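Quick look at what Swiss-Prot annotates:
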DOMAIN    9-171  domain 'EngA-type G 1'
BINDING   15-22, 62-66, 123-126  GTP 1 binding site
DOMAIN    201-372  domain 'EngA-type G 2'
BINDING   207-214, 254-258, 318-321  GTP 2 binding site
DOMAIN    373-457  domain 'KH-like'
Amino acid sequence: MNTSPRTLKTIAILGQPNVGKSSLFNRLAKERIAITSDFVGTTRDINKRKITLNGHEVELLDTGGMAKDAFLSKEIKAFNLKAAQMSDLILYVVDGKSIPSDEDIKLFREIFKINPNCFLVINKIDNDKEKERSYAFSSFGMPKSFNISVSHNRGISALIDAILDALGLTKIIEQDLDIDILESLETPNNTEDGNNEEEIIQVGIIGRVNVGKSSLLNVLTQKERSIVSSVAGTTIDPIDETILVKNQKICFVDTAGIRHKGKILGIEKYALERTQKALEKSHIALLVLDVSAPFVELDEKISSLADKHSLGIILILNKWDIRYAPYEEIMATLKRKFRFLEYAPVITTSCLKTRHIEEIKHKIIEVYECFSKRIPTSLLNSVISQATQKHPLPSDGGKLVKVYYATQFATKPPQISLVMNRPKALHFSYKRYLINTLRKEFNFLGTPLIINAKDKKSVQQN
């Protein structure tokens, strides 16, 4: 336990791999600093950050997960235990969707002996129904635990209050923020339009190895920032470059090429983790496809990254000057294989001949405007009402299904809630119909639309 005279309090985030430590670190720091992924042992180093919690500056430490089979596990565990001893408070994070293991309990008790100033933080409790899962963690022997969901921003404010109380810091109220309303929005993206800071459009360039991503970055920025080579996998770390188009800043990130999992070895695995991090903070993805040869299955799998991260998307058909087939055949194949991206604009290009490069820049701005669009509530409800009248909602076991009203609660990407009497009865096919209707009425070029249904009673209670 830390007994030094310094005034800056230190908080260490500990726990097994892949339980959400880095995500919690990012949430508390209000930045995406630590790499977060599904790989065990993603965080290899200590991430240290001075942050402000309700007006108080503290030091936050995110440490590597301590699994027996993890890389450098003994060294990481020893370093973690030392961090626990030196910290003023420990946040021990567990996965609320998993059953606690004997190893996890043993590790927690070992840390608790070193420093009893310890909170048990049960992550991934995404809604009230999942709270009962937290009872399984009573075996840790903590009289009080904290149920949170980092991805849904639930329970974070209560945890922060408890942290400040444990550290002997008085809460400073900076603004009148309705925390309850913020936490009731069960979505990781709660972006509002009222940000006065200058927005930089973040664009991730994705694709298989050697399809021309680095060449595209070079011609877009007119710089030789990326090494261009015929050797697959030349780009390891994401390389970023900012340009100005129509007084709008655009930051391009050239990510490592993606190949089949069976071929991913050593540093390429690290590169993929960095690619995931780059996409997490991107607004738009440029999916680069090599048309000098037919599309492959991996192209389709990579395209799903844009959907996974809810990004705007533009399809770039590179090496058009040496395309393998006529225009009509390539476009027909593209439409068939990438049917779920039919809303994405398509641009043919040749980096060697700088074909359509300026068009790509202007299309990015157009897609970003759609990505940031907010539909006036009255207009949105008018369109939804007309759509449900034209094609009524299917009944639910013979009972009438109604949409009372719709509201757009977020942008980047646009997210819409339908307040209904029977939200579970909203079939995915009808949701797709509503999305297509909105696309026809409003220009959502290259932009994913997210629609969810909420029960009227729960909305009224909230």
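Here the Cβ of each residue, glycine as well, is placed from N, Cα and C on the backbone.
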Three-state composition of the domain 'KH-like' (373-457), taking helix and strand from DSSP: 33 helix, 22 strand, 30 coil
ASN210 (GTP 2 binding site) and ILE125 (GTP 1 binding site), Cα-Cα, nearest whole angstrom: 41
Model confidence over the domain 'KH-like' (373-457) (mean pLDDT, whole number): 92
Distant-in-sequence Cβ neighbours of TRP320 (GTP 2 binding site), under 8 Å, six or more positions away: VAL291, THR348, THR349, SER350, ARG355
Candidate nearest ASN210 (GTP 2 binding site) in space, where candidates are the binding-site residues GLY15, ASN18, LYS21 and distance is Cα-Cα: ASN18
Residue pair ASN18 (GTP 1 binding site), GLY207 (GTP 2 binding site) - Cα distance, angstrom, rounded: 26
C-alpha spacing of LYS21 (GTP 1 binding site) relative to GLY207 (GTP 2 binding site), in angstrom: 29
C-alpha spacing of LYS213 (GTP 2 binding site) relative to LYS21 (GTP 1 binding site), in angstrom: 32
Rounded Cα-Cα span from GLY15 (GTP 1 binding site) to LYS213 (GTP 2 binding site), Å: 37
